[in-house]
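Annotation comment: Swiss-Prot describes His75, His174 as heme b b562 binding site. Residues or ranges marked as heme b b566 binding site by Swiss-Prot on the basis of similarity to another entry: His89, His188. Per Swiss-Prot, ubiquinone binding site is recorded for His193. The transmembrane segment annotation in Swiss-Prot covers 25-45, 69-90, 105-125, 170-190, 218-238, 280-300, 312-332, 339-358, and the record cites similarity to another entry as its basis.
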Amino acid sequence: MSNQHTLLMFNLLPVGLNISTWWNFGSMLLTCTALQTTTGFFLAIHYTANINLAFTSIVHITRDVPYGWIMQNIHATGASMFFICIYIHIARGLYYGSYLNKEVWVSGTTLLVTLMATAFFGYVLPWGQMSFWAATVITNLLTAVPYLGSTLTTWLWGGFSINDPTLTRFFALHFILPFIIISTSLIHVMLLHNEGSSNPLGTNSDIDKIPFHPYHTYKDTLMLTTLLTLLFITTSFFPNIFNDPENFSKANPLITPQHIKPEWYFLFAYGILRSIPNKLGGTMALVMSIIILLTAPFTHTSHVRSMTFRPMAQVLFWTFIATFMLITWAATKPVEPPFTTIGLSTSILYFSFFIINPLLGWSENKIMNTHN
């Protein structure tokens, strides 16, 4: 009987009539989480968290374990798909003013930070050249913290350099964090259903709602099928498209790669870090590049929630998206002109969005009041 009530609640869940495809990325992210947790579990069964055996254990998984290559490729490519979905999900939130639902936005930003930490720890696990050196560069940023820096770094490493204890604890963290992501996701969804989704018009949806099933279930299924098709095509035909060639060599502390860079989904933050010549300043800018999202609900000044009817805000938004892509591209290049200049100017533009947007909202209100 209780099952019937659960089904009824799910079937009759009222959802806004006019939410577009951009609202499908939440369910896609949930699918990515399930996929990553499942494949990650099977990889963890065969993985060995030891600096002498980690690289070999990955080779063993891809060569000797039945269907190990599928597990490994789906897990690696799935991470990229996860980030593509989450960046679109955040962009949707910024464009349509979803951030005005403060609790949902704050829990979402927490999820993003946790996801980035999980992905970073996971990138270190294969113990390839880029894994080792990316870990060295990023963990070294802790030394920029005044007074406590060196102590924190030594504590995180479990010694005076990145070594076996570091890999062991990174594996432990990479294993536990997805469960924190799952529980935070449940809180995120619960908070969302307190108020309900926004919609492309930015208006209240209460006057016109439809049942979640069958309308939105089929809509979600279509996008999930598209996501999985893209994932399987990439995994089958271009399995190493997101991998760094350096990572196919075992970690060697004596040889530094010519150009150390993290995975593509961290490049925007890495580009901002790299564009500031001061270590502490760069570290603060790196943290702020993500934490600044938290300011969005508190700096919204426009009387209109969504950017659908705000042409100037749309120009600003798409400039921000282009800036994001440009930082990502510039961060893949060596530290030399003109890339240093591009990195610096795009970093300034990136942060400018969060300053100009409230000013633009304020000026729009002035114009509307004048015409009234």
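A Cβ is built for glycine as well, from the same backbone N, Cα and C atoms used for every other residue.
Owing to the predicted nature of the structure, the values given are computational and were not obtained by experimental measurement.
Feature map: annotations from Swiss-Prot on the structure.
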residue	record	DSSP class
His75	heme b b562 binding site	helix
His89	heme b b566 binding site	helix
His174	heme b b562 binding site	helix
His188	heme b b566 binding site	helix
His193	ubiquinone binding site	helix
Task: Pop the Cα-Cα gap between His188 (heme b b566 binding site) and His174 (heme b b562 binding site) into the table, whole Å please.
output: 21
Message: Out of His89, His188, His193, which of these binding-site residues shows the lowest number of other CB atoms within 10 Å of its CB?
response: His193
Message: How about long-range neighbours of the transmembrane segment (170-190): same chain, 6 or more residues beyond its ends, C-beta under 8 Å?
response: 26, 29-30, 33, 36-37, 40, 44, 47, 49, 104, 107-108, 110-111, 114-115, 117-118, 121-122, 124-125, 135
Task: Look at every Cβ pair spanning the transmembrane segment (105-125) and the transmembrane segment (69-90), keep those 6 or more apart in sequence, and say whether at least 3 of them are under 8 Å.
output: yes
Statement: Students should find that the Cα atoms of His89 (heme b b566 binding site) and the residue listed as 'ubiquinone binding site' sit apart, in Å rounded to an integer, by 17
Statement: Long-range CB partners for the transmembrane segment (339-358) (under 8 A, at least six residues beyond its ends), listed in sequence order, are 268, 271-272, 274-276, 285, 288-289, 292, 295-296, 299-301, 313, 316-317, 319-320, 323-324, 326-327, 330-331, 333
Rounded Cα separation (Å) that holds between His188 (heme b b566 binding site) and His75 (heme b b562 binding site): 24
Query: Near the transmembrane segment (25-45), which same-chain residues lie under 8 Å Cβ to Cβ, leaving out any that are not at least 6 residues past its ends?
result: 61, 68, 71-72, 74-75, 78-79, 81-82, 85-86, 88-89, 92, 174-175, 178, 181-182, 185, 189, 220, 223-224, 227-228, 231
Statement: Rounded Cα distance in angstrom between His193 (ubiquinone binding site) and His75 (heme b b562 binding site) is 30
Message: For a quick check of packing: other C-beta atoms within 10 Å of the C-beta of His174 (heme b b562 binding site), how many?
response: 22
Query: His75 (heme b b562 binding site) has how many other Cβ neighbours within 10 Å of its own Cβ?
result: 21
